[in-house]
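*Asks:* Structure below; questions to follow.
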Amino acid sequence: MEEYSTTVRTSGFVLSSLMFQHLNSDRDVEGLLLGESVGEEKSKITDSQTDHIQFVHTINIQKHITCRSTHSFYNNTCEVDKEKIRQVLSNLKEENVIGWYRQRRNTSQQMTLKEQLVHHNLRKLLPYQELVFLLLAPYEVTSSHSTHRLEYTAFICNGSQFSSIPVSVSNLGTLEQQDYWRVSATCPSLSHCQAIKQHRAKFFSSEQNLREVENVNDMNDTLLDEMKSACVRVERSERRVEKLQAEIAELAEAIRERRKKQQDHDAKESSPLEEPKENILLCAALKALFPNTPSLRSQTLSVEGSPVLQLSCTEDHGINVPTKLPLLLLQCGKAARKRKMSSGYGLKGKCQSPGISRTDKKRKVDTELSEPLSQSGSDTEVEVSSPNQSNSPVF
């Protein structure tokens, strides 16, 4: 946020000189104001606003030159004559002119149209464009002329309009010590300014800056450059550290996963072997085909290689054989038909060869019953059932 303010500052000596000279005159008086203009930038940081910049333009009135009469440097049409201004200034320079003033008796504190035209024409001729107009209006308070009142107002031109600006007198007002701390009222004399200009080249550069300040600024710029380069190096090193930390984290994660896999592998190798799972369908098929041979349903063998009957499966797994094992029924039907056909051939042979004895017949039947067991290809020992028991599937 930026603010612009313009003030006129003068000393009590200059103001008292104007008052004394004009109050002792019986007519209107006008003249030129000499001094200098100072611009200052103030930066304030508050709680509500982080950055508050204020530009203060101060016009210091250091001296005044009174003209012999009115209309001394302009004519009736308000045209300003530059030669007459030089005659009024005498040995002084035009660059020191910061404005002009006029004293009118018993009038209002407003600029007339004539004064406005003179002010515009004066701005065109003088190098200093921000001219100030000081209007003095004395009043008689008492009829005995013992008490007088003087009102003064400063005007400045903003485009085509004139606005009043505050006038500050440095050594008037409350004589408290705090007032001198707040503002250092700079109203130097003309001789002081001339002395400073005479030796300005020794201490100031062409840009009106102190030479030592320029050296300090150069050193400050060098330090800032070094600090920036150091910050860049630190940032790069921090980036490298972050990258290395990320790589270390990835390696640590990979090591943990590898250790976990190794532990799982070692645990699997050290754990005892699981017992073989029972083939339920095979057990149900053997029970359906050979219900009276429990040795086929045993998964444990003795030292001699024979099945242990005490450990044979005796549970009913609840499997529907026709649904789960339909091919088993088909195979059983084919085997039954073969047995019937073989038994029919045996009866024919009995009729054709009456010399065959009953003992041979019985031996032949036992051989046919033992054929399915020999065709299964099992090397285990099979328990032989009695002739009276049936080996057909039971469902």
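The backbone N, Cα and C atoms fix where each Cβ goes, and this holds for glycine too.
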*Asks:* TrEMBL lists coiled coil for one of the ranges 227-264, 265-302, 303-340; which is that range?
*Replies:* 227-264
*Asks:* Can you give me the average pLDDT across the domain 'MPN' (7-161), rounded to a whole number?
*Replies:* 83
